[in-house]
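Per TrEMBL, the features are as follows:
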TRANSMEM  A:20-37  transmembrane segment
TRANSMEM  A:67-97  transmembrane segment
TRANSMEM  A:172-201  transmembrane segment
TRANSMEM  A:234-258  transmembrane segment
TRANSMEM  A:270-298  transmembrane segment
TRANSMEM  A:304-328  transmembrane segment
Amino acid sequence: MTDVASRLAAKRGAIVRNQAFWGVVAIVLLLAINVISDPGYLSIGYNSETGHLSGNLIDILRASAPILMIAVGMCLVVATGGIDLSVGSIMVVAGAVSMELLSSMDGTTGDAVLTLAVALGIATALGAVNGVLVSVVGLQPFISTLVMMLAGRGIAKVITGGQNTTADNDSFAWLANGYIVGVPVVFLLAIVIVVLVALLVRRSALGLMLEAIGMDSRASRLAGVKRRNLQLTVYSASGLLAGIAGVFATASVMTVDVSRTGYQLELDAILAVVIGGTSLAGGKFSIGGAVIGGLLIATLDKTVVFLGIPASATPAFKAIVIVVLCLLQSERVRSLFRHRRALRAQSQKEAVAA
Amino acid sequence: MTVTTRPPTGSAPGPAPSRRSLADRLGARLSALPTVAALLIFVGMIIYGEAAYGRIVQFSTLSNLLVNNSHLIILAVGLTFVILTGGIDLSVGAVIAFSSVAGVMLANAGWHPAAAVLVMVLIGSALGLVSGVLIQYFGVQPFIATLATMFLARGLASMLSTVPERLADDSSIRELATQLKIIDGDKVNDLVITPGVVAAVVIVVLGFLVLHRTRFGRTVYAIGGSEQSATLMGLPVPATKLGIYVISGTLAGIAAVVYTSRLGSAQNITGIGWELDAIAAVVIGGTLLTGGTGFVLGSVVGALVLGLMNVLITRDGGIRPEMTTIITGGILLVFVILQRVLAARRRAEQQG
Amino acid sequence: MTGAPPIVEMTGISISFPGVKALDAVDFRLFPGEVHTLMGENGAGKSTLIKALTGVYKIDEGRILVAGEERHFGGTADAQAAGIATVYQEVNLCANLSIGENVMLGHEVRGPFGINWKATHRAAAEVLATLGLEQLDLRRPLDTLSLAIQQLVAISRAMVTRPKVLILDEPTSSLDANEVANLFTVIRRLRDQGVAILFVTHFLDQVYAISDRITVLRNGGFVGEYPTRELDRTTLISKMIGKDFATLRSLGSERQSHHYEPRGEPLLRTEDLGRKGSSEPTDLELHKGEVLGLAGLLGSGRTELARLLYGADKPDSGTVWLRGKKTDIHSPTAALAHRIAFSSENRRDEGVIRDLTVRENLVLAVQAKRGWFRPLSRKEQDALVRKYLTELNVRPADPERPIKLLSGGNQQKVLLGRWLATEPDLLILDEPTRGIDVGAKAEIQAAVAALAAKGVAVVFISSELEEVVRLSDRIIVMKDHRKLAELENGPHVTAETIVAVIADEGDDEEGDSE
């Protein structure tokens, strides 16, 4: 009996210590706030003509797709003890390449496929450049990807000649705006990609290798772990995923905004990873956590707009979320709670005794 | 096969030459080499600019370089402190936005200019304190803690106003940007300084003195070398770490005053990405992001390199504006690779 | 001495960590003008006791009196203020600063314009002079110095505050005999000046050479406090460990009679293998089933040579033949593919990955060898882990426990398991028994003997010459980064033989002394 209770308590402790749990709590809280301001917030409409689902929740899912992509890539990079500041810039490069190519083509599905391949290829190559700078040249990830972040946006501007290029291609737009059985294609794609990455990482030994590098790169080198190859792989993967995010972000409006597409989204991605309980110091990582973090950020963005607060004030709310989640993780705050619980238990005991 | 018997380098405390060997002296200097290289490249850029475009080596251009970059120099000094400990401060650009919007609005609401300026500086200190407390007392990583402060400051600035807030034309805050002629050259070619430039110079000198002539400064370097060692040595690590984030925030507040007085207006989107400019300046100036090695003066050179680059790009006219960030990235890359090569050479020298 | 009151008196000290009682009601006294040695196996609680006295850990129970006054240390600064200075086993200095800056950090001489560097350097020079280190260049960056000199700089730094109590936590583990003698001169001088010195070491000779009094701890408990002259070695060892001593003795004699006759083609042969600055060109041969000992003092180049064999450092000269074929071993990955494994002397930084579990640490090298896209199934992992945890007697045998929670000896056994799991033909063990308790030491030595019997070639490196002699078939003696001599092991070879070779350098460069 007490055994079961203590095991339950231990499990509860593990859940409460799990930072992703607090991410879920935060999402629920935000949705609750929205429901209070509009009781119909959660309702999902069904358009019988088109067969599409619609509603605020669907909007959130759609908006979360690009963030999920870059958050998953960032998660892998962070696990190795690195960081990728360039994902936002790689997004805009992928978007710029897509729009430039499509605007000079006819709008067939074949064109869309070709464009997709070229855009994602370039994004992967930019990621690989990061990987080479980090693993072969031996520069710090922060600096290498900062260089790519600065250069990437410039490259995008050069590609479009500084214009915000617009294009037309229904197949390409379908990626972001289409529906499959009523659910936005973009979200389905994002989920499929996330699941594929998660399976790849956890079913193979990739996850263990990445964690080993992130925790102790010298020891893992002597254990035969190929740091260079793995770093090259994760930075390229992060580039590829950022490219996908860039396609998602531009396909929805079929326009690339060279100064705003993907702007500062690297910060959102890092935030999502940290909310998900992965330490920036590297090591243990959680892709599921990063997904929850990404969903939380999308929910927060939409909530701020829904509540009629100017979108430019959104950062302040993000700050509150970070600070609260970090404080919940903090040893100091934890021990404060433990102390209070202990005191309460003691006073209860004393009350019983009296 | 020739076996050279050579004393094992430094493995025995036996008699050592009283004069330092060449390698030692080179070793001691190598840590300053990136800074020297930055200085050389700066001079090189000036010479190239003068040769290619002309009108670079003259009073007005050089004093404008200082006037237009004094806020960046101030930020870079603050970032140098932070980066020397191995930390990072992403919040400085957003702090400037919040501080300057708040300051302008207060001044326009009839506050005494001095009080408004003081509030602007204190806003910086307070936000720096927030970062410092999160990092030191709640164990939040500097990147995340200062990211939170950055978001907070940016959000608060946007809540105050989302349109440019113009400082009244007769506000005495504008006087902080008054151009004082030092040398009256022909036509507009005058050597001028502003109170902002004076502030930047004073801050650079103070920064240098604090880092090299106080125990606080030595603790900053020690933390960058090894925080654990610094703690075990009994150095005041927590207070110092808190201190450097307050310093960085305060300097961001001062930079806000300098920038706002020059521009005469403030907006919630002011200073976006300036933290990256400041970090780039520090890195170009030879400070390692891992902490422990670097100089305030190097960061000043770094800031001037970035400023001069912008001048040259404008002068060239042929370089498309969208290339600017690519060039900035390229310069940064060249510098860090240079540092990397020097570090490798230094290691080789120690072993050989 | 016994008349004076103790400068430090710790009574009933208890400290618990999650799941472990690190110290249980330990008493400790330290008198002015004595050298007091703290003895005990790893995990006995020596480090914990020291950290309690230096304010790193808070004590759960008990009292600390310094000079008769009760103290509550909130941090290292408090302990320093009370006159307690510490030098740790790992050098805790800042590699980015110069010798002078390190010595004076936090104690710089200040004038009206901030730190007066001239006066500060003068003060640093004075301190170095008291330790006989006046020849050191104060402006030299610390990271250009050997570990041994860094350790001496750390001791100089501790003396800056003129402490009443000086704690030396295994300061000699990286010093050679000369440097130890140097250090002892200084310690005696300080003792005669009335400084109370707490000394921790694993080397028995040093204990008897320097200490006046010994306190023994075992498993976090207090065993006793004895004047050194009243406690002979055997009694001391039995107080520290008890039973395992006999095991060790028997193993030694068995192995020494084993005598291996190499036949046929060597497994590994090198010609002029070397690397500028770390290892002179060296020839060696290694046969299957043979244990080759690399003997020599710390810094003799034995570790560097081992790292070249494994590709941990890249050789810049020479050729390697493996199984008769010319082979390029340029990285650990390549070495593992050629069935060579290497266990580094630096268990903390180059061995275990602290935050991974025992299972993950154990399978890491096998997995890396297979490549990440060919994962071991959970079943295969479990089988490997079970096999080696049992074979090597790892305690606790819980594969899912983070390895950092295991004792040093058990971490070392897991590491041995990691390399054995790769099924090496050649296993290089660099100091596999350093800093671990005698029981684990005996088990690791037994495992090495068993491996050789199975046909694995082993390169065995240890600072303990007795251990090298006990285990090796052949011994290469090294000094100053080069091979000094090669000895066939036999009943006539003892630790003294090797010492004589090292002392007698240069007379016969390559000759096999028979």
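Each Cβ is built from the backbone N, Cα and C atoms, and glycine gets one as well.
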**Study point:** Positions whose Cβ lies under 8 angstroms from the transmembrane segment (A:234-258), at least six residues beyond its ends
**Key:** 62, 65-67, 69-70, 72-74, 76-77, 79-80, 82, 84, 86-88, 90-96, 98-99, 102, 116, 119-120, 122-128, 130-131, 134-135, 153, 156-157, 160, 162-169, 172-173, 175-177, 186, 189-190, 193, 197, 210, 265
Check your understanding: Are the transmembrane segment (A:20-37) and the transmembrane segment (A:304-328) close, by which I mean at least 3 Cβ pairs under 8 Å that are 6+ residues apart in sequence?
Key -> yes
Point to revise | Among the ranges A:67-97, A:172-201, A:304-328, the one whose Cβ pairs under 8 Å to the transmembrane segment (A:270-298) are most numerous | key: A:67-97
Review point. Same chain, outside the transmembrane segment (A:67-97) by at least 6, Cβ under 8 Å from its Cβ: which residues?
Key: 115, 118-120, 122-123, 126-127, 130, 134, 141-142, 145-146, 148-153, 155-157, 159-160, 165, 190-191, 193-194, 197, 201, 207, 210-211, 213-215, 217, 230-231, 234-235, 237-250, 256, 258, 261-266, 268-270, 272-273, 276, 278-287, 289-291, 293-295, 297-298
Study note, to complete from the structure: Long-range Cβ contacts under 8 Å made by the transmembrane segment (A:304-328), restricted to residues 6 or more beyond its ends, are 19, 22-23, 26, 33-34, 37-38, 41, 56, 271, 274-275, 296-297
